[in-house]
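The block underneath contains the structure these notes are about, expressed in structure tokens.
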Amino acid sequence: MLCRRLPRYNSPWVQVLLVSFVFFTTVGMFQAIGNLGAGGTQNIKLSDTTNSVLYVLNAFVGVVAGSINNVLGPRLTLFMGALGYVVYVSALWVYQVKAVAWWLIVSGAIVGAGAGLIWAAQGAIMMSYPLEKDKGRSFSMFWAINNCGSLMGGLIALGIDISQGAVSSTATSTYIAFLAVMLCGLCLSWTLLPPGRVVRNDGSIVEIHNYVSVKEEIKGLWAAVKTPYILILVPMFFSSNYFLSYQAAFAFALFDAQTRALNAVIKSSAQILGAIVVGLLYDKVPMGRRNRGLVGIAVTSVFIIAAYGWGLSYQLKFTRSTELVKMHWNSPGFGQPIAILVLYDIGDALYQGSAYWIMGALTNDPFTLARYAGLYKAVQAAGSAISFGVDAAKTPYLNEHLSSWIMLLVCLPLAAYVIFHLEDTNYKPEEVVYVDNVNVGPEGVVMTKDEDSNKRNSLDVGISVVERADVKV
């Protein structure tokens, strides 16, 4: 009885869950170490150089990361991307012990390339594996679990700050512990199934081919770049992390070290809350898909306008030249800025979730969605690089706030335009293959039994979910 209640290993939910924990154990641990203070080298020039290399490689590799995923497969792509984070954290450890600066810069390039790969593989799995009605909750699961890594790191940093004061360095044993967890994530990436062996609850197979040729992929990437709706969404991609540099500067200007550690905990919690809202908005509102999307982007717009409007009223109270006394969480007036940051982070999750949901609604094809995910992260990285450069140039806080807000206000109507032109389903125009019509080979390659019978759409399915649940992998 218990086995019948557990999800199948070859179900989309299990595969998304596996990817989520790969991120928790790699990207999440990377973020957690940053919360511990280990990400800071105490050398501003070296840190700026490393981050610049990271963002540049992330942007360039992101453009082709989806294509790499389609040629090599998501399992190997995810492994290669996760490996980059392990290398970078090990380089931070080496720098602390031996002060080897050149290796830290090289590792910045490696993790930048790895980030492009791992996010492309993740995006393809999260957006293409679930049924259309589940894509919002697929994001919710992934985003919540991923942010649990940051939450854990924030809690550790907060505990150390409270007991010992601000963190100036990280013990060798701490690095070893985090690297051990990250190595577990590397191993976990190999538990993923090829897309041709993943079967949805309606009996449809994610993709009948596990890989594509290089020639086919070049054509597919060029087609993705030229897709009109993707071109319309490019500003949304660019702005999707642009605001983070301002928000970080805002928190640094106002809070002391202990309060910033508390903010890291609250930030991750707010992201998790926002992710849950995404799933409810885009999957559970009792409307057709297009109308659910319009409701979701409307709620996101109202939330962002309210958050940045309140933030503007507070930002007008100080500038970079204002001599501020750093706030502690028991300081008078602490509640207002931390509440603004909570709204920023919930809005961030809503915005990211909206972008992923829109891309996932354009098609169900995993190869196309891998290309979209890679392009999304590439343009996002370019926006991040520029925004941190703007902040490094000591741009007035008000200018940073307004530029971030204006970008969002311009991009949200563009997103609504794309949503308005969505089809309520892609099952009819796109070929859907069912498990009854295929043979699964030993390597997971799916071959159709009857080429003429594999074009049934989801409305033609006469087999129940219970009958599908015993599909062998």
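Every residue, even glycine, has its Cβ placed from backbone N, Cα and C.
The transmembrane segment feature in TrEMBL is assigned to 12-33, 53-71, 78-95, 101-120, 141-160, 172-193, 229-255, 261-282, 294-311, 402-420.
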Contact ranking winner - 53-71, 78-95, 141-160, 402-420 against the transmembrane segment (12-33), Cβ under 8 Å: 141-160
Range from 53-71, 172-193, 261-282, 294-311 with the greatest count of C-beta pairs under 8 A to the transmembrane segment (402-420): 294-311
Tertiary contacts of the transmembrane segment (261-282), as residues 6+ beyond its ends and Cβ separation under 8 Å: 35, 135-137, 139-144, 147-148, 150-151, 153-155, 157-158, 161, 251, 255, 292-293, 295-296, 299, 329, 338, 341-343, 345-350, 353-354, 357
Stretch of maximal Cβ-Cβ contact with the transmembrane segment (172-193) [cut-off: under 8 Å; candidates 53-71, 78-95, 141-160, 229-255]: 78-95
Long-range environment of the transmembrane segment (229-255) - Cβ separation under 8 angstroms, sequence gap at least 6: 263, 311, 315, 318, 320, 324, 326-328, 337, 341, 344, 348, 351-352, 355, 358-359, 362, 372, 375-376, 379-384, 386-388, 390-391, 397, 400-401, 403-404, 407-408, 410-412, 414-415, 417-418, 421
